[in-house]
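Have a look at the structure below, then the notes.
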Amino acid sequence: MTPSAAGCRRSIFRLFPVVSWLASYRVKDYLVADIVTGFTVAMFQVPQSLGYTLLAAVPPVFALYNSMFPMMMYILFGTVKQASVGADAIISMMTGGVVRQIVGDMSHTSHPVHDVFDPANGNVFSVQEVTSALCVTVGIIQLVFGLLNLGCLNVFLSEQMVNGFSTGVAVQVALSQVGAIFGLPIPHFSGMFTVYKTLESFFTQISDIHLPTLIVSSIAIVLILFVKIVPDPILVRKCGLPVPIELVTVIVFTAASYLMQFDKIYNIAVVGEVPEKLPVPRAPTFSPSLLTRIWVDAFAIAVVSFAITLSLGRIFGQRHNYEVDANQEFLALGIGHIWSSFFSCFPIAASVPRSAVQENAGGKTQIVSVVNIIIILFMILFLGHYLEQLPICILAAIIITSLKKIVMQVQDFKRYWDLSKIDGQVWMVSFLATVFLDVVSGLIVGVAFSLLTLVYKLQRPKAFLMAHVPNTEFFVPARKYQKLRETPGVKVYHFGGAMHFANAEFFKEKLEESLGFTTKQVRRAMKKAIKKRGSQDSLQAVKESVQAYDRTVAALELGSAVVSRGPSMQSQLPSDIILDFSRISWMDGCSVSAIKNLTSDYAAIGVRISIASCSPVLFRFLRKSGCEEAIGSANFYPSVYDAWKTVRNRSFSQTDASTPVIPIVYALIFASFTNPSS
């Protein structure tokens with residue numbers, strides 16, 4: 001095969017992953033399992049998707065379209081073999097917010113596709129036009145992101161942020177179904193503070209609860225939860241499949257509604273007419289007035305849809321040993337959204353519960369989705385009229401019970417908090433912002449706060465003194481292992497992150513805090529000692545005088561918070577400070593200047609600075625910036641142990657003898673004239 005042909009083949013395999021896995025498809029091993037799994041997933045997908053139409057504020061038949069058309073494109077372009085793509089609770093909730101904001105709230109008793117006059121721009125938009133425009137806009141955004149190789153954007157959606165955000169959305173979703181469960185005409189609010197508005201409307205109308213609707217929905221909720229809690233875990237362990245209780249509930253209550261005439265005798269709202277035909281392809285509406293109102297929400301939906309699908313894909317890819325391409329997932333979702341926007345669909349993502357069912361049932365490839373499409377097509381053409389007597393409160397019950405696992409994620413807060421207080425704060429901020437503001441605002445606040453914590457961590461990495469472990473070459477945090485004694489006269493300072501303009505001052509402050517003194521304090525004490533002792537010019541005598549000062553007096557003189565937090569001034573001043581650069585991956589010009597100033601400041605009080613464990617790349621940068629010359633090439637060491645072993649053997653008296661006192665005194669006098677405050 002020529003190089004050009006090989007390159008063309010690789011491009012085809014990359015753009016159409018279906019070609020790759022079909023070429024290696026093992027019919028005898030996979031086909032039966034995939035067909036059975038396709039039927040199983042369809043039993044869960046139909047009732048669940050019907051329920052999500054309440055969230056998306058679209059007619060029930062849209063759920064069937066959504067279960068078929070987007071999946072066609074994902075089979076061709078997607079890289080996640082166990083993903084069940086279609087309606088999702090979070091995406092449906094975000095879609096419903098857009099539909100209600102533009103079209104207006106629809107009655108909780110039906111799903112009409114009606115035109116609503118928009119007085120702001122004189123246009124008329126139907127539900128289908130809004131969802132199609134939203135769908136194609138989401139698709140274009142995802143397609144552009146995929147072509148620009150922006151799959152790496154997922155790294156900015158931290159696990160704790162996504163977890164808190166999805167839990168907050170689950171609370172919003174559950175509250176949005178209160179009206180359908182209790183039979184109350186509670187409007188579906190959009191915008192900020194929807195939780196407050198919904199609860200206010202509920203308690204205002206609480207005396208008007210429709211008892212038959214409440215009884216039916218309560219029975220359905222108890223039935224579904226009982227099956228999910230009691231027999232489901234046992235069945236999953238034994239045969240890998242749960243009970244399709246949602247489908248059973250839909251069949252039972254639809255039959256009961258038909259036989260007992262729920263809508264006529266008990267005034268229980270039902271789905272109504274469901275057309276038994278495929279939608280006529282219709283180009284999405286590209287009205288400027290409409291697009292300007294939906295593009296922000298479309299951007300948020302595009303990101304969340306991608307994040308949900310990719311997160312699931314990485315889990316499945318790790319379990320089943322295949323690669324998931326983030327950029328290809330952007331392309332697959334984008335093409336799927338653009339294609340399905342012609343067929344009365346609304347935005348989609350990989351569904352967590354359905355994908356879990358698909359994996360547990362033994363699905364190996366997207367042949368499962370092919371079987372699923374055939375079943376959905378059969379339902380659209382021949383079984384739609386059987387759904388007309390389905391009570392809407394049953395759909396609400398299915399939605400609420402499907403959120404059980406997501407709502408239980410609130411327990412993850414403790415795990416994140418125990419692991420890291422910052423991670424716990426990210427979870428809580430994302431959760432509260434999503435619950436009390438709205439879904440889009442919650443996503444924006446969550447991402448912004450997550451990035452701020454990242455900046456905070458970069459600005460304030462861990463910094464501490466280290467102690468040597470006897471008879472080894474290892475050093476450990478001195479404060480954590482207090483039984484280990486630091487080497488007299490030698491301090492080893494570890495800085496746990498990159499050093500740059502934003503934390504150069506923090507580097508110095510943490511060093512002074514760890515040592516228990518500042519160079520300014522020592523210089524002031526030295527000047528007072530020189531005045532007091534007159535002609536005594538021994539640096540050792542000066543240091544002994546410095547040690548005689550009480551820590552409290554020094555703190556009062558300096559007003560220094562650093563000194564007040566540090567150990568006593570009576571501790572011996574070190575002769576050497578070793579800077580452990582093992583965790584410093586890069587530095588900038590500002591941090592180099594800080595190291596140079598630090599070296600000269602400590603040299604003025606007789607303390608030598610050394611650098612250890614510096615990477616070759618960083619060492620070349622320090623040499624280029626003149627830092628090697630300022631510190632001295634002899635004071636660079638390949639490891640902390642080499643530096644410690646060398647400086648440990650220097651006696652304190654030898655260090656004093658080699659350090660001229662008169663220049664230091666002159667320097668201190670000069671400093672007192674040039675900087676009176678010191």
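Quick reminder: no glycine exception, Cβ is built from N, Cα and C everywhere.
Owing to the predicted nature of the structure, the values given are computational and were not obtained by experimental measurement.
Here is what TrEMBL records for this protein:
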{"type": "TRANSMEM", "residues": "54-77", "note": "transmembrane segment"}
{"type": "TRANSMEM", "residues": "130-157", "note": "transmembrane segment"}
{"type": "TRANSMEM", "residues": "169-189", "note": "transmembrane segment"}
{"type": "TRANSMEM", "residues": "209-227", "note": "transmembrane segment"}
{"type": "TRANSMEM", "residues": "239-260", "note": "transmembrane segment"}
{"type": "TRANSMEM", "residues": "294-317", "note": "transmembrane segment"}
{"type": "TRANSMEM", "residues": "329-350", "note": "transmembrane segment"}
{"type": "TRANSMEM", "residues": "365-383", "note": "transmembrane segment"}
{"type": "TRANSMEM", "residues": "390-407", "note": "transmembrane segment"}
{"type": "TRANSMEM", "residues": "427-456", "note": "transmembrane segment"}
{"type": "DOMAIN", "residues": "480-647", "note": "domain 'STAS'"}
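With a cut-off of 8 Å between Cβ atoms, the residues of this chain six or more beyond the transmembrane segment (294-317) that come close are 79-83, 85, 88, 90-91, 94-95, 97-98, 102, 130, 133-134, 137-138, 141-142, 145, 151, 153-154, 157, 162, 323-324, 326, 329-330, 333, 347-350, 352, 355, 359, 439-440, 443-444. Among 54-77, 329-350, 365-383, 427-456, 54-77 has the largest number of CB pairs under 8 A with the transmembrane segment (390-407).
Among residues of the same chain six or more beyond the transmembrane segment (169-189), those with a C-beta under 8 A of the stretch's C-beta atoms are 54-55, 57, 89-90, 93, 96, 100, 105-109, 195, 197-199, 201-202, 205-206, 208-214, 217, 221, 268-269, 392-393, 395-397, 399-400, 403, 406-407, 409, 434-435, 438-439, 442. Of the two recorded stretches, the transmembrane segment (427-456) lies close to the transmembrane segment (130-157), with three or more CB pairs under 8 Å once pairs fewer than 6 apart in sequence are set aside. Mean model confidence for the domain 'STAS' (480-647) is a pLDDT of 79.
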